[in-house]
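> The structure follows.
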Amino acid sequence: MCEYALDHGWKSYRGHQIFQWLYRNRVFDIDEMTNVSKETREILKKDFIVNPLELIKKQVSHDGTTKFLFKTSDGALLESVMMVFDYGRSVCVSSQVGCNMGCAFCASGLTKKKRDLTSGEMVAQVMYVQKELDKDNLRLSHIVVMGTGEPFDNYDNVMNFLATVNHDRGLGIGSRHITISTCGIVPRIYDFANEHTQYNLAISLHAPNDELRDQLMPVNHAYPLKELMEAIQYYGKENNRRLTFEYILLKGVNDHPEHAKQLSKLLHGMNAYVNLIPYNAVDEKGFKSVTHDEAMVFYDLLMKNYVRCTIRKEHGNDIDAACGQLRIKEIKKEGI
Ligand code: SAH
């Protein structure tokens, strides 16, 4: 959670003590670190900020999904979402303020990227949510880097953040309980593959051919499907992992039976798994979601063609659930 890493030449036990206060006792105030001398605390206070985020708004859905809108110390707004599943509680973390990827359907890209989030600001999102859960003796079990921003456009900070929350002395959230989602920045997929972490990787595919993907996701101009598929297959082989693809079903756009056929062809022979995502309508974008029955038709077609898939359950559809929607609303209101 610290904003700067400064070398004070202290003994390593001091670091362990501070980690304990931050991640086990979860203090936000350095003065609460009572077994750390006053002098040391003063130095820490001068050099570090424990929690750089201020909570601006919190929305709770009937299904327990909770949205947090935070403000950074330089006045930027960002969102995190906590979701409740049968298997535990997951937090969806933002990796940037705004996003430059410009996906046609996404609320995040309505404002261009203002800046990358620091790893401290990403850790702080998780710690804030965990601190809220502490009130009910509950624990976060999963992290998904699927909030606003493109994690592979802020690679080093994201990897640093995950190393902290994954660390035994950090929150200790298991690698297999951590998922990074990317729109397909090919060089970073190779970097990630070569790191051999056990984090899960999900690829936002959303279209089974270049023509349509070019229209929906401008990143496809830079890294078309052939290159993307080669990179993801390299990752799969190198890490012996199943390949996960996300596919938002957009009514009349990418949900035609022909698209299901093309998709199964594209994934043929791969150890792939497709997560079909109901679209959270974004007012400014004009795309519509399919009905559950329509999603089932697409699902059946994929299954018939030997592509394993699931339909993602919707969460928090009574609050501003789509990525970045709460943030956009606030920006419009405040004119930030
Ligand atoms: N930039 C990364 C991570 C952030 S978006 C990526 O593209 O993967 C996380 C996922 O949510 C992506 O699959 C994205 O395409 C999807 N998404 C964006 N807007 C959405 C919306 N309105 N409804 C449903 N899913 C959406």
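Just so you know, glycine gets a Cβ as well, placed from its N, Cα and C.
Bear in mind that TrEMBL entries carry predicted annotations, made automatically and left uncurated.
Pulled these from TrEMBL:
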ACT_SITE  Glu79  active site, proton acceptor
ACT_SITE  Cys323  active site, S-methylcysteine intermediate
BINDING   Cys99, Cys103, Cys106  [4Fe-4S] cluster binding site
BINDING   Gly149, Glu150, Ser181, Ser204, Leu205, His206, Asn280  S-adenosyl-L-methionine binding site
DOMAIN    85-312  domain 'Radical SAM core'
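Provide an account of the burial state, proximal residues and distances for the features listed.
Note on Glu79 (active site, proton acceptor): other Cβ atoms within 10 Å of its Cβ, all shown chains, come to 27.
A simple way to gauge crowding: the CB of Cys106 ([4Fe-4S] cluster binding site) has 24 other CB atoms within 10 angstroms, across all the protein chains here.
Of all the Cβ atoms in the protein chains shown, 21 others lie within 10 Å of the Cβ of Ser181 (S-adenosyl-L-methionine binding site). In the three-state DSSP scheme, Ser181 (S-adenosyl-L-methionine binding site) is classed as strand.
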> Please work out the number of neighbouring Cβ atoms within 10 Å of the Cβ of His206 (S-adenosyl-L-methionine binding site), leaving out its own Cβ.
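Excluding its own Cβ, the number within 10 Å is 26.
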> Near the Cβ of Leu205 (S-adenosyl-L-methionine binding site), how many other Cβ atoms are there if near means within 10 Å?
28
> Pick out which of the binding-site residues Cys99, Cys103 has the most other Cβ atoms within 10 Å of its own Cβ.
Cys99
> Given Glu150 (S-adenosyl-L-methionine binding site) and Cys99 ([4Fe-4S] cluster binding site), what distance in Å do their CA atoms have, once rounded to a whole number?
7
